Amino acid sequence: MKISTLRNNLRDYGLLISLIVIIGFFQIVTNGILLQPLNLTNLILQNSYIVVMALGMLLVIVAGHIDLSVGAASGFIGGLAAILMVHYEWSVTLTIIVALLVGMLIGAIQGWFVAYARIPSFIVTLAGMLVFKGSALALLQGQSIGPFPLAFQSISTGFLPDPFGGKDIRVFSLIIGVVLAGIFVGIDWHQRFKAQMHGLNKEPTALFAVRNFLFAAIIIYLAWQLSTYKGLPTVLILMGVLILFYQFIAGRTVIGRRIYALGGNEKAARLSGIDTSRLIFLTFANMGLLAAVAGIIFAARLNTATPKAGNGFELDVIAACFIGGASASGGVGRVIGAVIGAFIMGVMNNGMSILGIGIDYQQVIKGLVLLAAVFFDVYNRNRSQFG
Amino acid sequence: MAQEPILSMRNISKSFPGVQALDNVNLTVYKSEIHAIVGENGAGKSTLMKVLSGVYPYGQYEGEIHFEGKLQRFEDIRDSEAQGIIIIHQELALVPMLSIAENIFLGHELAKAGIIDWHTAYVRAQELLNRVGLKELPSAIVGRLGIGKQQLVEIAKALAKRVRLLILDEPTASLNETDSEALLRLLLELKAHDITCILISHKLNEVMQVADRITILRDGTTIETLNCAETLVKEDHIIRGMVGRDIQHRYPQRRPKIGEVIFEVRNWRVYHEQYVDYEVIKGVSFNVRRGEIVGIAGLMGSGRTELAMSLFGHAYGRRINGQVFIDGREVNVSTIGDAIRHGLAYVTEDRKGWGLILEQEIRKNVTLANLPKVSQRGVIDENSEAKVAQGFRESLRIRCSSIEQFVVNLSGGNQQKVLLSKWLFTQPSLLILDEPTRGIDVGAKYDIYTIIDGLAAEGKGILLISSEMPELLGMCDRIYVMSEGQFVAELPRSEASQERIMHAIVSSVQS
């Protein structure tokens, strides 16, 4: 009984534990470079656009579909933003608004073909991938365009200002870290309390305490590390807000619940009065919007738009979702899982680069990790069902 | 005729958890005869044929199968096919995208070293098509043929496999008259060529037209075998044999309080989703009153589910027309959302396919059709949701470890209760129940009956579709009999009996 509770809880946190183990491993083999303030900041900046797209991709995958076009779409949006700002000298705000709208339109068009024309999403988005890759090339005429206005760059290169004017340490960023840790523990405590009231709580007290202590410690530690460099990156804050928002959408709202139902059993969802076509359409439109956000972040980070931007991003994004426990047949997957999955990929990329492992073997290792992660997930699920 | 048995099944018994499907069944089939097996849905016909064809392998049933003088121990269908026993199911097993020739030789292709000899295949296929009297090219795509022709392709496929005993399960259920006639003539022709045939059919006139002997099954036992050559077999005799059983006290005592009409359908017509010109529902009109349980009896394939699903927001069918009245006002139920808003609920016969989200919690399944009720501004209140689920768990006595249990891990009866909860939570005024007790054990059945009775007592209208006639007779205040897409009889409780229902069906398919 006790062992099985522990095992169940371990399964829930298995992913996070894997991430911590991977971080620990690379921290040791890179002699502590991995978590140095500068590298930690880079790690976040490098992965932000993957994480942002993984949020949308998770919903698409949970709905039982796939979007192969997100890399190309984000590259196209980056190029579009560059043209608008550099050639046409549009303001940064207007450019961003238009870029986001175009992204949403791209998603909506593909969503229409999937939801209403009933063409498999694999095909629609494969076509979309080619179209947007080509469009980006045409738009940029094979050239790189930059640099961008400072306001635009600061999306990716900005840091949280420190009103306390700390010199060696950005006090404000650290305070935010501590407050976040406090909020996290508070929410968790509140939910445990509510669950107990309804007699639903199954988690042992010790585990609850250890978990909260560890999480709070990790958040504060990371905030400390970042504070000793330039503070919390703006992108991290944007990313954090998006993660919380989509976590909320997926877990707590009617629309989120319906997406899970749609992926779990489309026929049953339809027979329950759910407009499944509209829902599919919306998940794709949302994916397009997030691809645009990612495209903007990526262009801002490089301070230039290149025709190659976005190449292969879709693979990292999809891999993040599957490593994070999403099911390829739909209906199963967690937002936080996809985020952790993205960071597992990111930490491995970063760690292996520090170690000087070539891009060739990096890909081999990443492929194997993806396969292993899904294999253990499937294996565990089957065992718990039949054993 | 040589009275030498080709097949003898001796003392066959087979049980599933909670059900004795076959109980000491004996069946002897003589060489080159057409032997019909008749019985109600659930009498054990299909189970018996599955035992015979090796779907249930040797060891999973009791008794012996002797075929062509030898004791047989089939491990799977391939074993029985190797002996020349070939079964054609009601649901045809053809690949619609492939040609006739490809289908005929599927699984035993005419190949050398893995390379198919198409020339020979087409020539052989043409010969077989001639034999079954199908005027189509072997290269024709099967999916474009009508059901009757597909049936003939199945038989050609069987002939290609050196068939000794051909089993046809309801071969004419979905055929029109001309096609049925052609098929029956073909059976007689095959008989002349020494092919023995077992024919399972509800259409007694057809059975009596071609069968040499008829075995009647009921409740998993052999009632009798009639020899058509010796005695004049009467239809009444067969029907009594098929249904002759008393309804035991397996149903709650009903005290119906029937009010005004709350649901009425006029001249409802529906066309098939794939076969564009095939009218599935041919102008059905009926009504349900407040507090009334109205049954729809009929054989499988008579169109009951299609009727229910087409009424429920056009969830089935094309070119649907007809009028629906709720509380005397005509309403538009062309989307499922509309249907639910107007107080309709449809509990599907296919729990796992169309009903539940198996890999989700009981709680989430229960609220799915009415999420706005437990949410505010699009945000779900999980506490009130849990309360709702907990309430149904208690009132319908759903046996589970908690409402957070995945429904996939529940028993059939408890899954059915979760599905019922989901629809009760939409607070319908008319509840359509499609085979609500299919595949669940006797105790859970009684629970479900009690729930249905309680809902009627609350003043809801209930439309109960069932293949189990005792269930309809035990529960319903009024029964419509459906056959081939039409209502062919309406029987009040006082006049309803299994014989009358069967008569209504049989006489309708004969005319």
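Along the chain as shown, the residues are counted starting at 1.
Quick reminder: no glycine exception, Cβ is built from N, Cα and C everywhere.
What TrEMBL says about a protein is an automatic prediction, not a curated fact.
If you look up TrEMBL, you'll see A:12-34 (among others) marked as transmembrane segment.
Residues or ranges marked as transmembrane segment in TrEMBL: A:40-61 (among others).
What TrEMBL records for A:68-88 (among others) is transmembrane segment. Within its own chain, the transmembrane segment (A:68-88) has Cβ neighbours under 8 Å at 49, 53, 56-57, 94-96, 98-99, 102-103, 106-107, 110, 122, 125-126, 128-133, 135-136, 139-140, 145-146, 148-149, 152, 287-288, 290-292, 294-296, 298-299, 304-305, 307-315, 317-318, counting only residues six or more beyond its boundaries.
Here the transmembrane segment (A:94-115) has long-range neighbours at 65, 67, 69, 73, 76-77, 80-81, 84-85, 121, 124-125, 128, 132, 152, 276-293, 295-296, meaning same-chain residues at least 6 beyond its ends whose C-beta is under 8 angstroms from one of its own. The annotation transmembrane segment is assigned in TrEMBL to A:94-115 (among others).
Feature annotation from TrEMBL assigns transmembrane segment to A:122-140 (among others). Packing against the transmembrane segment (A:122-140) from elsewhere in the chain are residues 66-69, 71-73, 75-76, 78-80, 82-83, 106, 110, 113-114, 305-307, 309-311, 314: each is 6 or more residues past its ends and has a CB under 8 Å from a CB in it.
Annotation source TrEMBL lists transmembrane segment at A:169-187 (among others).
Annotation source TrEMBL lists transmembrane segment at A:208-226 (among others). Panel annotation: around the transmembrane segment (A:208-226), residues 13, 20, 35-37, 40-41, 170, 173-174, 176-178, 180-182, 184-185, 188-189, 192, 232-233, 236 of the same chain, lying at least six beyond its termini, place a Cβ under 8 Å from a Cβ of the stretch.
According to TrEMBL, the feature transmembrane segment maps to A:232-249 (among others).
The annotation transmembrane segment is assigned in TrEMBL to A:279-300 (among others).
If you look up TrEMBL, you'll see A:335-355 (among others) marked as transmembrane segment.
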